[in-house]
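> Let me give you the structure first, and then I'll get to my questions.
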Amino acid sequence: MTIAPDGRRMLRVEARNAATPIEKKPEWIRTRATTGPEYSELKGLVRREGLHTVCEEAGCPNIFECWEDREATFLIGGDQCTRRCDFCQIDTGKPAAFDRDEPRRVAESVQAMGLRYSTVTGVARDDLEDGGAWLYAETVRQIHALNPGTGVELLIPDFNAVPELLDVVNESRPEVLAHNLETVPRIFKQIRPAFRYDRSLSVLSRAREAGLVTKSNLILGMGETTDEVVAALHDLHEAGCDLVTITQYLRPSVRHHPVDRWVRPEEFVELSDEAERIGFLGVMSGPLVRSSYRAGRLWGQAMRRRGLQIPDALAHLGEPTTSRQEAASLLARASAR
């Protein structure tokens, strides 16, 4: 029997993963703190008010850039997920009791932080009859009601692709409905055993049919090939996905899936160009890009390319700008040194 650092018995897959030591990161997996007035003000406010964001609690390397834009991410539904993905640092277990007051508290945090764009994500709640669909939808409604000028991106599990549950979520009308595919068909079952590739695509299709801007994410470095990534991009686009982020897998602990390869920035640029050719309305691609990275900017780009009006309160999100973690920006900075 193998014991995890937290004292519990390791799952068989975790013990197998633990046989491979944590990999050394290459030199391009680096980020530099670039603080500004908005970030400093927001950090002080979060401390004073005792607020909680995924950005801080997960130690996201992009917090400086996103907070400078008044964007932040919140996790709902508790800190225990009913599913286990081999790349994810969220614990699997029996979730805490369902908290119907959580949407109000998240909306008040958005208001207190003065956010202009917020991302809401959460755990899978297969223990609940509706899979947590009401919780996700109500959080969007509460944020919009209390913060009329704030955009909301909702990153959801698949709710087993039950149409009625997806409709509950879609009818809350987030600015972006996101569901992450994460990997390619050949290794999908190994990496995400409780999910199904085609089912995830159908979640995005249903949201697109509801008239929502849709988004997904692909993680590189878990055993896929470049050709398989390109094929997955085509599958996403054909399913109705508007926006895509492409990122490097960073192993949370020895219990998680080993890193298969470190993808160079040049390949991220090539995949970004390929995604643009396929027809995505917005792409963010780079080793330290995360699915909620510059989320508001990516939504603004989609609105602009669709020829749709961006509300005045979010007009700044439609302005062209550079993003530090995009692979093209990394290469430009490297060549300037």
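Cβ coordinates come from backbone N, Cα and C, glycine included.
Heads up, TrEMBL stuff is auto-annotated, nobody curated it.
Quick paste of what TrEMBL says about this protein:
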BINDING   Cys55, Cys60, Cys66, Ser292  [4Fe-4S] cluster 1 binding site
BINDING   Cys81, Cys85, Cys88  [4Fe-4S] cluster 2 binding site
DOMAIN    67-281  domain 'Radical SAM core'
> Neighbour count first, Cβ atoms within 10 Å, every protein chain included; then name which of Cys55, Cys66, Cys85 tops the list of binding-site residues.
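That would be Cys66, with the most Cβ atoms nearby.
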> Taking the Cα atoms as reference points, how far is Cys55 ([4Fe-4S] cluster 1 binding site) from Cys88 ([4Fe-4S] cluster 2 binding site) in Å?
15
> Which whole-number value in Å describes the distance between the Cα atoms of Cys60 ([4Fe-4S] cluster 1 binding site) and Cys81 ([4Fe-4S] cluster 2 binding site)?
20
> Within 8 Å of the Cβ centre of Cys81, Cys85, Cys88, which other residues of the chain have their Cβ, at the recorded [4Fe-4S] cluster 2 site?
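My list of surrounding residues reads Arg83, Arg84, Phe87, Gln89, Ile90, Thr92, Val123, Ala124.
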> Just name the most isolated of the binding-site residues Cys60, Cys88, going by other Cβ atoms within 10 Å of its Cβ.
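Selected from the binding-site residues Cys60, Cys88 on minimum Cβ neighbours within 10 Å: Cys88.
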> Taking the Cβ of Ser292 ([4Fe-4S] cluster 1 binding site) as centre, how many other Cβ atoms lie within 10 Å?
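Here the count is 29.
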> Rounded to the nearest Å, what's the C-alpha distance separating Cys81 ([4Fe-4S] cluster 2 binding site) and Ser292 ([4Fe-4S] cluster 1 binding site)? Just drop the number here, would you?
19
